There are 2 protein chains.
Amino acid sequence: MKMNAFTVENIPMIKEGDDIASFICERTDIENNDIVVIASTIVSKAEGRMFRLEDLVATEDAKRIADKLRLDPRFVQAVLDRSHEVLVEFPILLVETDNGHVCIKAGIDDSNVDEGYLADLPTDPDKSAGDIGERIEEITGKNISVIVTDTNGRAFKIGQTGIAVGVYQIHPIRNWKGEKDLFGNILEVTEEAIADEIAGAANLLMGEGDGGYPVVIVRGLELRSQEGSIKEMYRSEREDIIKKGLRSLSKV
Amino acid sequence: MKMNAFTVENIPMIKEGDDIASFICERTDIENNDIVVIASTIVSKAEGRMFRLEDLVATEDAKRIADKLRLDPRFVQAVLDRSHEVLVEFPILLVETDNGHVCIKAGIDDSNVDEGYLADLPTDPDKSAGDIGERIEEITGKNISVIVTDTNGRAFKIGQTGIAVGVYQIHPIRNWKGEKDLFGNILEVTEEAIADEIAGAANLLMGEGDGGYPVVIVRGLELRSQEGSIKEMYRSEREDIIKKGLRSLSKV
């Protein structure tokens, strides 16, 4: 088995209203079963999801948290506005967004955006992935998948990895349930987080610095499905021992 | 930029004492800067790190935990024997191993091993990676990197991904500190967990079932360094808010 992954070259700076799908198709030959991996920053830009701190007014709650973290209270307000629950206030601001994604600062990004502006995550990232994916399929006549990515830290270990925040025509989890191992025993590891693995692979090529490539094509994996939602990947409240731990901490 | 990744075909069942490096070199042409990704299961087998439950005697502590989890008390004893700290006893058995790796059940694996046997993680996985890496370099005359992998769950999300547990001639973290983004601002995301991203990419090809491929070559990334240890990636106690949360939970 093999796969390859490559960056789409010369994607211009994305502005509100830009047609990302066309930009991609003009710059690369898409094949059937390609997985088109797109950094959420450019999706947000194309969707016009930029905002300015100066347009926000901080509540007392935002001021209190901002004081502990030495952040701009208006920035904290922006995070609170997008969050379903604050899991940790200090030393990191870890929240669950309205979309179910647990991340630092609600994924608000101040990298690779115009000065004074901040970039939201797409508010419905599956829809964003779907809009771009359907348009690529319309232009090329090929059947593809799309993964919209962000970078995220993780528990217990230093460093961020690329992760999936929205998908089109791929299930984020591959289920090995019932399959047998080399010795014929039923496998214990049954759920592989393929969308995050693909996002991480793409992130190796995207780069973070001023040589950044926001679009990567992953080819060779036969993982396309007829449907798929990022929400299949989020753990249910009942099962989540780590959330429970963080909540108990805030009560100490 | 591009990368490609492919499985090494026809690796035989590994037995104690087998020379994994030779098996790899006989079956593929290694190039400079290749990253050789190897599933920890076969490393453990070659190193003879298999053990049997029937050789173990469970302590009272192991019996108490096993009762809650409905596991064999001797299995729980094996986990405790390899753990520095138990972070969660129930509903999952989450521990920090003596090596600093936080994982379920100390990474003890009962997939792809002979019946009645269990596979330990390599006890010094950097050394395991180094031994195999040096031998591949000796055979081929090429300069390469090695990543020994396992699969791991993660916080907040369903599913396992491939992760690095030991490295040779690659830093697990790529530091972007001080680099500038597209607009000339200093980047906030500064540490990319490249070893885990590479392990995840390889895991897409390794598979979990009876078509498993335990060795994947990742080519095209210029990430080789003169040194590197998996311990660079483990978060220090002081910084780890999630561990703190889990400990506070066990005291409730």
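Just so it is clear, glycine is given a Cβ too, placed from its N, Cα and C backbone atoms.
Just so you know, TrEMBL annotations are computer predictions that nobody has curated.
Features of the protein shown, as given by TrEMBL:
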- B:11-14, B:40-41, B:Lys45, B:Asn112, B:206-213: GTP binding site (BINDING)
- B:11-220: domain 'Coenzyme F420:L-glutamate ligase-like' (DOMAIN)
- B:Asp109, B:Asp150: divalent metal cation 1 binding site (BINDING)
- B:Thr151, B:Glu208: divalent metal cation 2 binding site (BINDING)
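Checking the binding-site residues (B:Ile11, B:Met13, B:Ser40, B:Lys45, B:Met206, B:Gly212) against B:Thr151 (divalent metal cation 2 binding site) with a 10 Å Cα-Cα cut-off leaves B:Ser40.
Those binding-site residues from the list B:Ser40, B:Lys45, B:Met206 that have a Cβ under 8 Å from chain A Cβ atoms: none. Taking the C-alpha positions, the distance from B:Ile11 (GTP binding site) to B:Asp150 (divalent metal cation 1 binding site) comes to 18 Å.
According to DSSP, B:Asp109 (divalent metal cation 1 binding site) sits within a strand segment.
Put simply, of the binding-site residues B:Ser40, B:Met206, B:Glu208, the one whose Cα is nearest the Cα of B:Asp150 (divalent metal cation 1 binding site) is B:Ser40.
The Cβ of B:Ser40 (GTP binding site) has 26 neighbouring Cβ atoms from other residues within 10 Å, across all protein chains displayed. When the alpha carbons of B:Glu208 (GTP binding site) and B:Asp109 (divalent metal cation 1 binding site) are compared, the span between them is 12 angstrom. In the three-state DSSP reading, B:Thr151 (divalent metal cation 2 binding site) counts as strand.
The Cβ of B:Asp109 (divalent metal cation 1 binding site) lies under 8 Å from the Cβ of B:Ser40, B:Thr41, B:Ser44, B:Leu118, B:Ala119, B:Leu121, B:Asp150, each on the same chain and at least six residues away in sequence. When Cβ atoms from all protein chains are considered, those within 10 Å of B:Thr151 (divalent metal cation 2 binding site) total 24, not counting its own. Around the Cβ of B:Met13 (GTP binding site), a 10 Å sphere holds 12 further Cβ atoms from the protein chains shown. Here the binding-site residues are B:Asp150, B:Glu208, and the one ringed by the most other CB atoms within 10 angstroms is B:Asp150.
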